[in-house]
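Peer 1: The structure that follows is given in the form of C-alpha cells.
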Amino acid sequence: MGDVEGSKEDHVPLGLAGKKGRGGFRATMFVYGLVALDSMGFVANMVSLVLYFMGVMHFDIPTSANTLTNLMGSTFLLTVLGGFISDAYLNRLHTVLLFGFLEIMALVLITIQAHAKNMHPPACGKASCVEGGIEYMLYFSLGLLALGSGGVRGALPALGADQFNEKDPEEARALASYFNWMTLSTVVGAVVGVTGIVNLSMFHGWWKGFLVSTVGTFIGFVILAAGKPFYHLRQPGDSPLIRIAQAFALAIRNRRLPLPKVEELYEISDKETIAYEEKLEHTEQFRFLDKAAILPEGMQPAPWKVCSVTQVEEVKILTRMLPILGSTIIMNTCLAQLQTFSVQQGNDMYRKIGKHDFPAPSVPVIPLVFMVILIPAYEFFFVPFARKFTGHPAGITQLQRVGVGLVLSAVSMAVAGIVEVKRRDQALKGHLISLFWLSFQYGIFGIADMFTLVGLLDFFYKEAPSSMKSLSTSFTWLSLSFGYFLSTVFVNLINAVTKRITPSRQGWLHGQLLDYNNLNLFYWFLAILSCLNFLLYLYSASWYKYKPDDRESNNKPKAKDSDEGLLLAKESSGAKTDEEESEQNAAKRNEEESAQETDDAEAKAPSSEQSNGTK
C-alpha cells in the first residue's frame, strides 16, 4: 500500500508547498529556465529568418514573408499534437523532452546548411531560387523545427501549471502568477535573442547565430530534465480525441430520442472517477449533446454505448471555447506582419546609432524591454488593486484581459500604416527616416500581446477538463497557427485582387522594393478587420459560460446560467474573500477528520462486541 500511495503522490497536484518538496514555484523555476533559453533562439529566428530567406536563399519579398508565416503556422499547429500526446500517451515531461530532441536536431541541420556555402543557391531573380538537394535540406530542417518546437509548446505550459492546485484559493492566485512569470521568462529570453543572436547572425555569420540558438536550447532542456525530482507529473488518461468522438457519435445516433430529465442521464459514481480527474456538473448549453448520455434500458454501460454526463460536459467546454479561439485569429495575423513586413521596412530605414549599425530585426527589443518592466508591475500592483474590487484571483477575468489585447492590436496596425506612409514618402524623396519609428507599432502590439497571450493560456488551462489540459492549452498556439496561415492567404489574395483593379496592374505587395508597394493599405485593411473582429469577440465572450468553480459550489445553485462571460468578474462583490475561503476550507478539513475518527471508532465497536461475545 505504501508504494501505491507514493505513486499517487507523484502524479497528483498536491498544493503550493507540496509533499516531499514537489510542486509549487520551486518546480516551475526549471520550466522558466527552458522557456527563457528556448525563446532566446526561437524569437531571434522568428524575427530574422525573413532576411535569411531573402539574403541567403534569395527569395523575393512575398515568398520570404509567406515561407516564414507558413513555418510559424505549422509550428503552432503542431502544438495540438504535443498536447494530445501528453494527455493520452506520455506524461508532459517526457513529451517535452521527446519533441525537444527533434527541435535540437532541426537546429543542427539549419546551422550546417547556413555554414556550408555549397548549400546556398545562386541568385536567380525569381520568386524562389532553391532547388534539388538545397531545397530538400532547407524544407526538411524547417519541417523538423516546426514539429519539435510545436510539440514542446503544446505540453510545456501545462507541465508548469500542473504544479499548482487550481481548486485551492491560495494556489489559484499562484496559477495566474505562473503564466505571468512564464511570459516574463519568454520576454527576457527574447531580449537576449533579438539583440545578441540577431546581431551575431547578421554581422558575423548566420550559422553562428543558429549555433548559439542550438546550444542555448540544448542547455534549456538539460535544466528542465534536472527538475524531474521536483515535479508533480500527471499520468496520461484516455485519448481526449476519442472521448470527443464518442460524445458526438452517440449524440448523432440518439438524435431521434427525446431528451430525458437531467437526473435520468447516465453518470459515473464518485468511486469510479480516477484520482486526477474531476466530476463535472451538468450545464444547459448544447443540450443536444446530452443525448450521448442516454443509457437504453437493459444495456450495460460501455464505451461507444453511452457517455457519462462528465464526458459530455468535457465536450461542451471545448465547444464553448471555439468562438473565443476563432475571434483571436485576426490578432495573430497582425502579429505575423511585425515579423515579416515590418522587419523588411526596418531594413530600408536609417539603422545607425552613432557608428553602430542597428539590425532591423532587433527593433522588437524596445517593446520587449518595456514588457520586462510592465509584467512585474502588472503582477505586483495592478492585480492586487483590481482584486480588491472584483474578488477575482487574477484581478480581472481572462476574457477581459484578452479583450484589451485585441483593441490594442487594431491600434497597432493603424499606427503601422501611418508610419509606412511617412517612411515611403521620405524614401522616394531620397531621405531615410530612423528605424525607431517602428517602435510605435511594436510597442503597442507588445502590450497587446502581454494581455492576450497570458489571458488565453490562463483561460484555456483553467477552463479545460482535467483530462484535456494540454490539448486545451494548445488552443492558444492554434490561434497563432491559424493567424500565420491566414496571413499567407491574405498576402496572396490581396495581390491577386489588386493586380486586377489597380491602374499599374501591380499588386499592393509585389517584387523586392517596398518603396513601390502599398503596404500601408494592407496594414489599414488589417486594422479595419481587427475592429470588426473585436465586435465578434465581444459577442462570443459575453455568451461564454465559465466552468462552475468548485470553491463556490456550496454557495451557488448548481450549473445554472449564473456563470459570467466577459463583462463580469469571476467572483461577484458578494463572494467570500480569499481569507474567508481559506478559513472555511480549514474548518471543512477539521470536520472531515473528526468524521473519519468517528467512523473509525464505530468500525472498531462491532469487533470489540464480537470479541466479548466469544469470550
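Note: Cβ is positioned from N, Cα and C throughout, glycine not excepted.
Unlike curated entries, TrEMBL annotations are predicted automatically.
What TrEMBL records for this protein is below:
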type: TRANSMEM; residues: 29-51; note: transmembrane segment
type: TRANSMEM; residues: 71-90; note: transmembrane segment
type: TRANSMEM; residues: 97-116; note: transmembrane segment
type: TRANSMEM; residues: 136-156; note: transmembrane segment
type: TRANSMEM; residues: 177-200; note: transmembrane segment
type: TRANSMEM; residues: 206-226; note: transmembrane segment
type: TRANSMEM; residues: 358-382; note: transmembrane segment
type: TRANSMEM; residues: 402-421; note: transmembrane segment
type: TRANSMEM; residues: 433-457; note: transmembrane segment
type: TRANSMEM; residues: 477-498; note: transmembrane segment
type: TRANSMEM; residues: 519-539; note: transmembrane segment
type: COMPBIAS; residues: 549-563; note: compositional bias 'Basic and acidic residues'
type: REGION; residues: 549-615; note: region 'Disordered'
Peer 1: Taking residues 6+ outside the transmembrane segment (402-421), which of them lie with a CB under 8 Å of any CB in it?
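Peer 2: For the transmembrane segment (402-421), the far contacts come to 324, 327-328, 330-331, 334-335, 337-338, 342, 345, 437-438, 440-441, 444-445, 447-453, 455-456, 459, 519-521, 523-524, 526-527, 530-531, 533-534, 537-538, 541, 566.
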Peer 1: Any contact between the transmembrane segment (206-226) and the transmembrane segment (477-498), i.e. 3 or more CB pairs below 8 Å with pairs at least 6 residues apart?
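Peer 2: Result for the transmembrane segment (206-226) with the transmembrane segment (477-498) is no.
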Peer 1: Using a Cβ cut-off under 8 Å, which residues of the same chain at least 6 positions beyond either end of the transmembrane segment (433-457) come close to it?
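Peer 2: Beyond its ends, the transmembrane segment (433-457) has Cβ neighbours at 157, 179-180, 182-183, 324, 328, 331, 334-335, 338, 342, 345-346, 349-351, 358, 360, 363-364, 366-368, 370-371, 374-375, 378, 398-402, 404-409, 411-413, 415-416, 419, 422-423, 426-427, 473, 475-476, 479.
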Peer 1: Checking distant contacts: for the transmembrane segment (477-498), what same-chain residues at least six beyond its ends satisfy Cβ-Cβ under 8 A?
Peer 2: 62, 65-66, 69-70, 72-77, 79-80, 150, 153-154, 325, 328-337, 340, 456, 506-510, 518, 522, 525-526
Peer 1: Where else in the chain does the transmembrane segment (177-200) make close Cβ contacts, counting only residues six or more beyond its ends and a cut-off under 8 Å?
Peer 2: 25, 28, 31-33, 35-44, 47-48, 157, 160-161, 163-164, 208-209, 212-213, 359, 361-362, 364-365, 368-369, 371-372, 375-376, 378-379, 450, 453-454, 457-458, 461
